[in-house]
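Visitor: To start, I am sharing the structure in question, which I have written as structure tokens.
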Amino acid sequence: SSNGGLKDEL
Amino acid sequence: MNIFRLAGDMTHLFSVLVLLLKIHTIKSCAGISLKTQELYAIVFATRYLDIFTNHISPYNTIMKLIFLGSSFSIVWYMRYHKIVRRSYDKDQDTFRHYILILPCLILALLINEKFTFKEVMWTFSLYLEAVAILPQLVLLQRTRNIDNLTGQYVFLLGAYRALYIVNWIYRYFTEDHFVHWITWVCGLVQTLLCADFFYYYFQSWKNNMKLQLPA
């Protein structure tokens with residue numbers, strides 16, 4: 001899955 | 001969260017702490033580029049627009065607050081603190097950093113994941129972060145004697161992005177997590193810009209000599 005929109009990195 | 005990501009975040013955090021230590025306790029910002037610090041403040045302000053709406057974890061939120069708070073306070077110290085600002089190498093720190101902002105903004109408007117305000121700003125922050133170190137590298141090259149804290153600061157900052165790249169590779173294989181190609185390219189550019197510095201940093205460390213970049 002792509003991280004499409006969900007940015008869980010800094 | 002994997003070990004590479006954590007190590008990347010920690011080196012990033014340490015780089016900021018080293019800089020704050022220098023500014024706060026030694027009351028000096030000699031060798032530090034205000035231009036680069038201003039760019040980082042813009043980077044974090046535009047990247048963390050989702051800080052209050054997109055909750056990932058307490059860890060993420062706290063780290064975002066630390067990076068936002070530290071970057072703006074460093075700029076404040078260098079510009080307005082009556083002792084710290086005296087040590088700023090204004091005449092050497094001449095890189096016209098504002099010329100980096102517009103191309104990054106145009107590029108973000110043209111090449112992005114999704115054409116929304118938040119996405120474009122997020123992409124802009126990636127482009128800008130990739131090149132934000134340039135004024136600092138130019139200043140380092142002009143500085144005859146780079147003090148230890150400044151050298152460590154730039155080293156940690158470069159190591160942070162290199163570790164993030166390892167993290168993306170790891171996530172790609174273990175989590176099926178794809179980082180967008182824009183992120184890859186920016187991360188690579190940012191790390192490569194530091195590669196030259198890394199070389200001289202390790203040379204000086206190996207030979208136990210003071211760090212100095214060739215003119």
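Just so it is clear, glycine is given a Cβ too, placed from its N, Cα and C backbone atoms.
Dumping what TrEMBL says about this protein:
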- B:1-31: signal peptide (SIGNAL)
- B:56-77: transmembrane segment (TRANSMEM)
- B:98-115: transmembrane segment (TRANSMEM)
- B:121-140: transmembrane segment (TRANSMEM)
- B:152-170: transmembrane segment (TRANSMEM)
- B:182-202: transmembrane segment (TRANSMEM)
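Relative to the rest of the structure, where do these features sit?
Guide: Here the signal peptide (B:1-31) has long-range neighbours at 59, 63, 66-67, 70-71, 73-74, 77-78, 81, 83-85, 87-89, 139-140, 143, 146-147, 149-150, 152-153, 156-157, 159-164, 166-167, 170-171, 174, meaning same-chain residues at least 6 beyond its ends whose C-beta is under 8 angstroms from one of its own.
Away from its own ends, the transmembrane segment (B:56-77) comes close to residues 1, 9, 12-13, 16, 19-20, 23-24, 29, 34, 37-38, 40-41, 43-45, 48, 84-85 of its chain (Cβ-Cβ under 8 Å, at least six residues beyond either end).
Packing against the transmembrane segment (B:121-140) from elsewhere in the chain are residues 31-33, 35-36, 39-40, 42-44, 46-47, 49, 89, 92-95, 97, 100-101, 104-105, 107-108, 111-113, 146, 150, 154, 157-158, 182-183, 186-187, 189-190, 193-194, 196-197, 213: each is 6 or more residues past its ends and has a CB under 8 Å from a CB in it.
Beyond the ends of the transmembrane segment (B:152-170), by six or more residues, the same chain brings 2, 4-5, 7-9, 11-12, 14-15, 18-19, 22, 32, 133, 136-137, 140, 179, 183-184, 187-188, 190-191, 194-195, 197-198, 201 to within a C-beta distance below 8 angstroms of the stretch.
Residues 111-113, 123, 126-127, 129-131, 133-134, 137, 140, 151, 154-155, 157-158, 161-162, 164-165, 168, 211-214 of the same chain lie 6+ residues outside the transmembrane segment (B:182-202) yet bring a C-beta within less than 8 angstroms of a C-beta in it.
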